[in-house]
Ligand SMILES: NC(=O)c1ccc[n+]([C@@H]2O[C@H](COP(=O)([O-])OP(=O)(O)OC[C@H]3O[C@@H](n4cnc5c(N)ncnc54)[C@H](O)[C@@H]3O)[C@@H](O)[C@H]2O)c1
Ligand SMILES: O=P(O)(O)OC[C@@H](O)[C@@H](O)[C@H](O)[C@H](O)CO
């Protein structure tokens, strides 16, 4: 079985490639980083090390790679694949759509066997978003043929994989925990279940629980940690005041998740506890600026801060800590992050009020607006 995976980065190599290779797929990575591509092609394997203190390592074999800029080659691989997966970043999905669209156009002419395309990004409806980009590039006749044999099941993926600093550019250190959940209701006949993947009939509770617990807590630690000068999440979590804020933010999102989806309160408490332990993993060095990256994406209406905060308001709850985290995100000014630069430029030229509405979608007059503004100004006094 052949899989084409877009994005040979941290999660691509450290999680998706590993699981697919274990499940018996030949994995062809597609990336635009030529060093990664040529190394993967030459060596055909790489090492994944578990950050659990044992040094346990696994060699991932049966892999190769092609450059994403070669659209002809990408289309050919997609046309012949059994499975396509992605881990490029949700904002990059539009840039990989052309190769996938051309691959589908060829596939529907040459085969009736099904093709499943699963985006493994931190976003609600990642595969559905990819489908919109891809279908936007297909003509109506091809779209109709594709409807019969191509499916885009949404997914949630969870494994902390920091930025890597090994001598070997392919080696990747990962936390032991992992979870990959796929929407079973969207798969077509002929789909081969992937060992190690958990299938559910309704993905929404799973993706929201993951995004609004792991990722909300993570970015809360990262933005607070950055403002207080910590380089890593592990250092930030060792600061009791930050750890306390992270717990509080997870209590806020937890209350929403339990009310919306009926998760068992005690089980959810345990889920939170496990996640806090994962953030503290002493065998990982996870930079605050990685976890804080792309603040505009993280402040957007459907993401880990604003969406649970608005859901809390709807339920009559007060998302005080979520608002604090939004305010900290608005202060994120890391020079090597293009979104942080754009955010700060907007705040400087148009003012914080405009910036809040532009990036969070929350208008002046909505209940949370004044709170975000107050918290932003309050942090201004203490920051840096
Ligand atoms: N690292 C984690 O802990 C983790 C965990 C779960 C989910 N995710 C999600 O996975 C995605 C990737 O995250 P990551 O941490 O692996 O990032 P990363 O930067 O390590 O990897 C992204 C890879 O995509 C490649 N890429 C960029 N543009 C491309 C294009 N046009 N075509 C093909 N490849 C392209 C980059 O060169 C890079 O190798 C993100 O959506 C992230 O939210 C990350
Ligand atoms: O990848 P992002 O930028 O959406 O979020 C940063 C981290 O929170 C994230 O990569 C986590 O490590 C991961 O989602 C854990 O499963």
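Using the three backbone atoms N, Cα and C, a Cβ is placed for every residue, glycine included.
Among the features that TrEMBL reports, domain 'Mannitol dehydrogenase N-terminal' is placed at 1-195.
Annotated NAD(+) binding site per TrEMBL: 3, 4, 5, 6, 7, 8, 9, 10, 11, 12, 13, 14, in sequence order. Residues within less than 8 Å, Cβ to Cβ, of residue 11 (NAD(+) binding site) and separated from it by at least 6 positions along the same chain comprise 87, 120, 157, 159, 161. In the three-state DSSP reading, residue 11 (NAD(+) binding site) counts as helix.
The domain 'Mannitol dehydrogenase C-terminal' annotation in TrEMBL covers 203-353.
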Checklist outcome for this item: Within 10 A of the CB of residue 9 (NAD(+) binding site), the number of other CB atoms across every chain shown is 19
Checklist outcome for this item: In the domain 'Mannitol dehydrogenase C-terminal' (203-353), averaged pLDDT is 98
Next on the checklist: Please list, in sequence order, the residues in the chain of residue 13 (NAD(+) binding site) that are at least six apart in sequence and whose C-beta is under 8 Å away from its C-beta.
Outcome noted: 29, 46, 48, 60, 170, 172
Next on the checklist: Suppose we screen the binding-site residues 3, 11, 13 by Cβ distance to ligand 1 with a cut-off under 6 Å; which survive, in sequence order?
Outcome noted: 11
Checklist entry - How many other Cβ atoms are found within 10 Å of the Cβ atom of residue 3 (NAD(+) binding site), counting all protein chains shown? => result 26
